[in-house]
Amino acid sequence: MASKPGDFDAVRKDIVSLLDQPEYDDGSAGPVLVRLAWHSAGTYDKSTDTGGSNGAGMRYEAEGGDPANAGLQNARQFLEPVKARHPWITYADLRTLAGVVAVRAMGGPEIPWRAGRTDFADDSRVPPRGRLPDATQGAAHVRDIFYRMGFDDREIVALSGAHSLGRCHPANSGFEGKWVNNPTRFSNQYFRLLLSEDWREKTVAGTGLKQFVAVDEVTGDELMMLPTDLSLTSDPVFARWVKVYRDDQDLFFADFAKVFDKLMELGIKRDAEGKVINKENVEGGYVSAPKKQGKIASKL
């Protein structure tokens, strides 16, 4: 039975109920939902005030088919039953709320979230491709991408802590493996591992991309880091915050909650009462996500 419009608690409960996915990566949809929320907002450009979390642009090929969003068709499909039960919620609200709920359900901080996003009526407002981070790059690229969105160095490192969740797949990003031992539990282990392990270069079979790996002596797990991850330790300003978050998980959680909230609000204009006033959008209807599959792929 459909919920009453505005019953976001009911939506939250349904999101939590779908996180357990035994046939999917590490048995959880949580990490890919966080990635979906992140990529939905990470297209923002403050200089042109374009992109951001409004519009649900991944419903269109121009954004949904971006190679940087490969694999996110699974996240979008996970959320379709929730959308069906709560047809009043926009895709833009649902996809950002799902990321916030997933972080909390996986042991992370409570992140503020505000409703009111609308869905693009067509693809004319979809931002251009190329705005998401290129993991093969270094600190200069990381700053270019995140400064464009309006983040500072501390916020960049805090947001990078989301790599405590999930794993990479060669067919999606060209990289392979997980960052931490338990990729479905939000923690500061990402920062601890960045500084404690002897990371050695490895070429990913089939893609030729360079990443860095280390073997956990206790569990035998092979863990990995991306070039952009290691740039956080080679750059002195970034490295300072890596050390801070390594030593203080509570501070990391507090900072992450603030900066993820900021990320989810990129591109959103609100009036004094908090109502979204982006004039170029309407309450959009359903548009099938590009490359939508009949069955969710567990190994990509």
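Using N, Cα and C of the backbone, Cβ positions are placed for all residues, glycine too.
In three-state terms derived from DSSP, R35 (site 'Transition state stabilizer') belongs to a helical segment. The Cβ of R35 (site 'Transition state stabilizer') has 22 other Cβ atoms within 10 Å, all protein chains considered. Annotation comment: Swiss-Prot describes R35 as site 'Transition state stabilizer'.
Per Swiss-Prot, active site, proton acceptor is recorded for H39, and the stated evidence type is sequence analysis. Residue density at H39 (active site, proton acceptor): 22 other Cβ atoms are found within 10 A of its Cβ, drawing on all protein chains shown.
As annotated by Swiss-Prot, region 'Disordered' applies to 44-64 (among others).
Annotation comment: Swiss-Prot describes 116-135 (among others) as region 'Disordered'. Long-range Cβ contacts of the region 'Disordered' (116-135) within its own chain (Cβ-Cβ under 8 Å, at least 6 residues beyond either end) map to 39, 42-45, 50-51, 53-57, 59-63, 66, 68-69, 90-93, 96, 141-142, 145-146, 148, 173, 175, 226-228, 268, 270, 274-276, 278, 280-285, 287.
The compositional bias 'Basic and acidic residues' feature in Swiss-Prot is assigned to 116-126. Residue counts of the compositional bias 'Basic and acidic residues' (116-126) by helix, strand and coil are 3 helix, 1 strand, 7 coil (DSSP-based).
Over all protein chains present, the Cβ of H163 (heme b binding site) has 25 other Cβ atoms lying within 10 Å. According to Swiss-Prot, the heme b binding site annotation covers H163, on the basis of sequence analysis.
For W179, the entry in Swiss-Prot reads active site, tryptophan radical intermediate, with the evidence type similarity to another entry. A simple way to gauge crowding: the CB of W179 (active site, tryptophan radical intermediate) has 22 other CB atoms within 10 angstroms, across all the protein chains here.
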The answer for the region 'Disordered' (44-64), taking Cβ pairs under 8 Å and residues 6+ beyond its ends, is 36-37, 72-73, 76, 90-92, 95-96, 117-120, 122-123, 125-127, 129, 131, 148-150, 263-268, 276, 278, 281, 284, 287-291
Out of R35, H39, H163, give those recorded positions positioned within 10 angstroms of W179 (active site, tryptophan radical intermediate), comparing C-alpha atoms, in sequence order.
H163
Expressed in Å to no decimal places, the gap between the Cα atoms of H163 (heme b binding site) and H39 (active site, proton acceptor) is 14
